[in-house]
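Comments concern the structure below.
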């Protein structure tokens, strides 16, 4: 501490001296100042010293030499902070420029345990500089755009729980290095009750010494989950704009200005930087194509193709309308985020909140878009920190979204999860406050959202019954889509997941398989009797020439009979050879389907 204070005193004294020289020079002769915002770019320290070769006077040369000396002193002091943690700062080394980093065979052996623990190669991460640069994958036009100097300031919020220290600090360094100083209000680190000791005192001491006054650390007293942890970060933010990021990202140069400019134009826009991938094994940065963010009816997020009007415009730098968000990064006006109810605090852990925000923003007067001119690279981990029964939490959260925002289309979420509409067996908590919020904001209905924001989403309003289909002669097995390439339905021990999701429609079609997502991707297939084979086929409904061959008569606890052939779907017991699913003349076998829609 004493040595650090001496450095600070020395720095202040020298800066005063330098300021005197600069004022003296300013009065003696004009000094050309570079325009633009290059001051916030990362530069090798030697670059300042090299400018002395172009000095116009011995006095200016002395000033530049003094600045170079000061920079060396400060750099050595700050770099010592990272060295004490076993980490690296600077501009070279492994993984520079987003290239794949490697380990020796001996190091590879040491890396196995940490890799399994974190879901990425944390041992390798410690060998990569906190300041490394990554590729600039922005469209060419983006690099030519100019932005106002009077943009709003941003508070960058990182959420972490038991993350590798090197990965967190690289996220912080990258944010500082690639966000203009006058636009970066603060960085907020929200620790969702981590167990790792290095994420406590060592982390706090480092960020407060390395970036004094810039970084706040918020500690949750119990594990809240990503959703509520982000809300805690928002509560302490003071910037006009808040950016929420996973704590395993790296920023591309120029990422902030286009985001803040779009929000300055319209405070009700939620902006998503385009996402690139950091490979979890070697930290290579891999470009992802420009995409919108959509979701399935289970409310699992996914990348989808940008809308047709974006493609028709022929300009890859334009914003991309998106129905929802993947969730690893989003930026929003702080007040607007509060006005629309933040994220749903009644949700647990994570999953579904990203879909809820997209739906809510669009229905309640805002918009959401992906910006190709702003890019953030993100590690897709093999292992998640909140991995205890995450499927249950996602299901529960999805039902909250359905009950509050989806009107009659809420049935699609229940169908996708194979749950009854009434008494699904999951306590989703009280949603009255979220419904009251929707009413107070005078939000549109979900039909409008599907028609205008997510028209690509497949709809299944014609469903009358769904779930596992069981035969009274073989109750332990269910109708199953079997291997996709065989195009034949089979019987398989009941498990209730997607391959066994049967859906009977008003038209008499019998679909089998998980619900489809967008019209650009395959839909669930139809059960077909082609009149020739004893085996029931699963085919693309639109490609079946005879409508009758894909229509079935079925009532609960009754036969399933094809309208075109009159044959029934039945099971045949072949003794030790097993049970087959076949088509034949009806013998009175009966089928039951798990759920119905009244």
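Placed from the backbone N, Cα and C atoms, the Cβ positions cover glycine too.
According to Swiss-Prot, the feature transmembrane segment maps to 7-27, an assignment based on sequence analysis.
The annotation N-linked glycosylation site is assigned in Swiss-Prot to 50 (among others) on the grounds of sequence analysis.
Taken from Swiss-Prot, the feature disulfide bond covers 142-373 (among others), and the record attributes it to sequence analysis. DSSP assigns residue 142 (disulfide bond) to a helix in the three-state reduction.
What Swiss-Prot records for 151-262 is region 'Catalytic subdomain A'.
Taken from Swiss-Prot, the feature substrate binding site covers 192, 223, 381, 386. In the three-state DSSP scheme, residue 192 (substrate binding site) is classed as coil. Residue density at residue 192 (substrate binding site): 24 other Cβ atoms are found within 10 A of its Cβ, drawing on all protein chains shown.
The annotation region 'Catalytic subdomain B' is assigned in Swiss-Prot to 319-381.
The annotation disulfide bond is assigned in Swiss-Prot to 364-443 (among others). Of all Cβ atoms in the protein chains displayed, 19 besides its own lie within 10 Å of the Cβ of residue 364 (disulfide bond).
Of all Cβ atoms in the shown protein chains, 11 besides its own fall within 10 Å of the Cβ of residue 461 (N-linked glycosylation site). Secondary structure at residue 461 (N-linked glycosylation site), taken from DSSP and collapsed to helix, strand or coil, is coil. Annotation source Swiss-Prot lists N-linked glycosylation site at 461 (among others), citing sequence analysis.
DSSP gives residue 478 (disulfide bond) a strand state. Taken from Swiss-Prot, the feature disulfide bond applies to 478-494 (among others).
Taken from Swiss-Prot, the feature N-linked glycosylation site applies to 486 (among others), supported by sequence analysis. In this view, residue 486 (N-linked glycosylation site) is surrounded by 12 other Cβ atoms within 10 Å of its Cβ, with every protein chain counted.
The secondary structure of residue 541 (disulfide bond), as reduced to three states from DSSP, is helical. A sphere of 10 angstroms centred on the C-beta of residue 541 (disulfide bond) encloses 18 other C-beta atoms. Annotated disulfide bond per Swiss-Prot: 526-541 (among others), in sequence order.
Here residue 586 (disulfide bond) comes close to 559, 561, 566, 567, 568, 570: these same-chain residues lie at least six apart in sequence, with C-beta atoms under 8 angstroms from its C-beta. The annotation disulfide bond is assigned in Swiss-Prot to 568-586 (among others) on the grounds of sequence analysis.
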Across the whole of the region 'Catalytic subdomain A' (151-262), what does the mean pLDDT come to? Round it, please.
97
For residue 192 (substrate binding site), the one of 142, 443, 478 that lies nearest, given that the disulfide-bonded residues are compared by Cα:
443
Could you give me the DSSP helix, strand and coil counts for the region 'Catalytic subdomain A' (151-262)?
48 helix, 29 strand, 35 coil
Cβ neighbour count within 10 Å of residue 386 (substrate binding site):
17
Could you state the whole-number distance in Å separating the C-alpha atoms of residue 526 (disulfide bond) and residue 381 (substrate binding site)?
36
Residues 192, 223, 381, 386 binding substrate per the record - widest CA separation, whole Å:
20
Any idea what the Cα distance is from residue 386 (substrate binding site) over to residue 494 (disulfide bond), rounded to a whole Å?
28
Tally of residues which DSSP labels helix, strand or coil - the region 'Catalytic subdomain B' (319-381):
17 helix, 20 strand, 26 coil
